[in-house]
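A quick write-up on the structure given underneath.
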Amino acid sequence: MEKRTDYCGNITEKYIGQDVNLYGWVQRVRNLGNLVFIDLRDREGLVQIVVNKDSGKDLMEIANSLGNEYVIQVRGKVVKRSEANPDMKTGQVEVDATEIIILNEAKNPPFEIKDGVEISEQTRLKYRYLDLRRPEVQKAIILRSKILRATHEFFDENGFIDIETPILGKSSPEGARDYLVPSRIYPGSFYALPQSPQLFKQLLMGAGFDKYYQLARCFRDEDLRGDRQPEFTQIDMEMSFADEQTIQDYTEGLLKKIMKDVMGIDLKTPIKRMSWTDSMNKYGCDKPDTRYGMLIHDLSSIFKDSDFKVFSGAIADGGFVKGIAVKNGAKEYSRKKIDKKADFIKRFHAKGLAWVKFEDGEFSGPVARFLTDENKEALKKEFDLEGGELVVFVADKWKVVCDSLDHLRREFAKETGIIPKGVYDFVWVVDWPLFEYDEGLGRWVAAHHPFTMPDDEGVKLLTTDPHKAHARSYDIVMNGDEMGGGSIRIHKRSIQEDMFKALGFTKKRAYEQFGYLMDAFDMGFPPHAGLAIGLDRFAMMLAGKDNIRDVLAFPKNASASEPMMHAPAPVADQQLADLGIEVEKQYEDSVKATEERLEKMAAEDAEENSTWDK
């Protein structure tokens, strides 16, 4: 095929007077009788093609035959428009066509190929190859590609080695559920797809590759949310002979390059740091949104002797009274609206939501009658009340208070419009606890993972009081979302064994699962550290999207299925037999129904669209 002169969206005034050869999709055709306008689209944008009566009968007939999404080749001369379109990059010019070649026709698509149209997720994913033609979708995918390019350039410039680690590995019951791959050669045995390359990259440090990175594909069989997919990509790095500061410096360098190359923003470094304890106490969570204020205040000292027993009773039971002040919230929030907030935080086990309003120098609301003059003055000073504020309180155990006020703070910020737009605010959260209590499992688990090095005091506490130990770990947070996390890793057998003991491992279990790692520690293993950034979530936020699916070319839906190829799907009985797998009877009807549904859909598609027998 003849070489394209340039992309449609790049045909600007510099091409005036030149003959060009373009390829693209027909976005729209406007027939004015003796004049036909064609909007030709490719990934860079639109350019207007003009065909008139002077172009000849054959060319006019071809132009009139075009439909939306036809794929065409256009030859012509670039001329200045008589009336410019300031809303288009190519709005100063148009192409006076001399030849149009139809490369492929198109049926009417199930939705318009343009931005701003309402399309169900199911339809978008079923016809993803059409959805991907839309400019806003392409823009997000291209942004992701720019992040990848900047990442490779940064690590290459800084002496890191790109090393691929295995996709087929061994299952570990820690963390989320694994995706399992049955082995035909070893019936009854399974590979697991990696949840992360954690142990492989640590072993690479033991092998002497002191600066590793990888754009690592990871897989987790977990419940999906807007910011999760069953398969995802990590920007993964590991270094030998590195401490926290070294890893953070390199991470900041990477983020600085990405923000500049992709967004045109000069990221100021060093990025501020905040302890995990401060983050929890001031923001209610370990991923603080630092773009706005509305911080959480501990009011326990003010209310420890209060006549309001909800407050004083919670404090006497070892709990806390904390609150936030919502500027201009007094008029914005009715009792009905506040009651809805109270109902919502019950999911965090909060028993209720107390509140007062401060207007014209006076407090009002359900709690106001319990406030002494001393309480009132203390609240005014604590929150720097000026008038018009709504102050909400939660009195309960520390974790309940944190979870509840974290949610309320985020909701109030969205609803009152105080979150600045176009701001990317990063913060390091450091000095984490080594363990956290999992209410669902009813036991202590590693706050990050079992290979995290405790701090010096924590090493001693591992064998005496491990749940008081702190970790040498760090998370990078942007706009209230965890972008990534890392830590100094354990590199000695004795510490790793103590860590497993603290997590309730038996010796047998520890060595069956991780004996190879502890053996490696005895072979001259260097101190090492690393970090991983969630690429998909990072791209989603930079693209201004609410769902990770918008920055993936072919994502799964909220049910972890893919409507276009119909994955997952049943497989042939012989394939199962080769693997020594038999579907349990309770699932046979479901499998049969799925097979019949897919066969019917394929038959209908063939009947309606196929040219097989024509």
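Note: Cβ is positioned from N, Cα and C throughout, glycine not excepted.
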Of the candidates E482, E582, E584, E588, which does Swiss-Prot annotate as part of the ATP site that also includes R220, D221, E222, Q229, G534, L535, D536, R537?
-> E482
Of the ranges 78-81, 198-201, 598-601, which one does Swiss-Prot list as region 'Aspartate'?
-> 198-201
Shortest C-alpha distance to E482 (ATP binding site) - which of the binding-site residues R220, H448, R489 = H448
Row E222 (ATP binding site), column other C-beta within 10 angstroms, all chains, value 14
Secondary structure composition of the region 'Aspartate' (198-201) [DSSP: H/G/I, E/B, coil] = 4 helix, 0 strand, 0 coil
From the binding-site residues R220, H448, R489, pick the residue whose C-alpha lies nearest to the C-alpha of L535 (ATP binding site).
-> R220
Least crowded of the binding-site residues H448, R537, counting other Cβ atoms within 10 Å of each Cβ, is H448
Within 10 Å of each Cβ, count the other Cβ atoms, then let me know which of the binding-site residues R220, R489 comes out lowest.
-> R220
Let me know the largest Cα to Cα distance in Å among the ATP-binding residues R220, D221, E222, Q229, E482, G534, L535, D536, R537, as an integer.
-> 20
